[in-house]
Amino acid sequence: MKLTDSVLRSFRVAKVFRENSDKINCFDFSSNGETVISSSDDDSIVLYDCQEGKPKRTLYSKKYGVDLIRYTHAANTVVYSSNKIDDTIRYLSLHDNKYIRYFPGHNKRVVALSMSPVDDTFISGSLDKTIRLWDLRSPNCQGLMHLQGKPVCSFDPEGLIFAAGVNSEMVKLYDLRSFDKGPFATFKLQYERTCEWTGLKFSNDGKLILVSTNGGTLRVLDAFKGAVLHSFGGYNNSKGVILEASFTPDSQFIMIGSEDGKIHVWNAESGMKVALLDGKHTGPVTCLQFNPKFMTFASACSNMAFWLPTIDD
């Protein structure tokens, strides 16, 4: 089944899970699409089975809190950042609920975490105005970059380069093998005083970069030239909430939730609005991602919703 405008418009909430007492701050699908794992401000980690459509287990990180949860390539392991006490990144085995390793270094809250798509490398960005490069096999930071402001960062789909959005006004591209030489490209965007950048993602085909903000606009950039191809607005975000925006796996569409529980979908190439879906969420849709392998997506406020198409194209 191929994603088309009409298939996207047909999506409806198939299941709602009420496992959390506070907002879900992040979730991540496994690369095979079979599970999704969430982190929440209630200090819990919930693992869901996407095929059976049910929660499998819940773990807790009471002392440090849990945010920015990401699967690693090893089965049943995740990395996540803390949202209280310290700013150490933790590497957890879900299998026995034990920490494998800690990654100390940041001295302010970690606001970005991206796992390499190809190996054990990951990068983190923090309010301490640094980006750090790590390897899961070592607690020591493998590289450090000092920046002029708050960073958001992400690997490209090949894992060869990473992009850093700095101070909500420029995107810098770094070669992973020689990042200490500085960026090989810098794209300066018009500075918007009304909002901050909160996320940065590449499309799976590597051609586009999506910049999300805590305001009412999203931007799509050409990943090679840095030109702004589209600015998307028209969704509600009056309170400056961090709303996750995502590409569909085929790189053709861009989705974002809103503070009123609705999901907005645009065509990434034409910039036309394709769908407006009502998730009936009780709060802002803080997290939204399409499953990498199956025709389903998930959205979350303090509840988690699984969506399915209602037509067979």
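Positions of Cβ are set from backbone N, Cα and C atoms, glycine also.
As recorded in Swiss-Prot:
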REPEAT    19-58  repeat 'WD 1'
REPEAT    105-144  repeat 'WD 2'
REPEAT    146-184  repeat 'WD 3'
REPEAT    192-231  repeat 'WD 4'
REPEAT    237-276  repeat 'WD 5'
REPEAT    280-313  repeat 'WD 6'
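Helix, strand and coil residue tallies for the repeat 'WD 5' (237-276), in that order: 0 helix, 18 strand, 22 coil [DSSP]. Look at the repeat 'WD 4' (192-231): DSSP puts its residues at 0 helix, 21 strand, 19 coil. For the repeat 'WD 1' (19-58), the model gives a mean pLDDT of 96.
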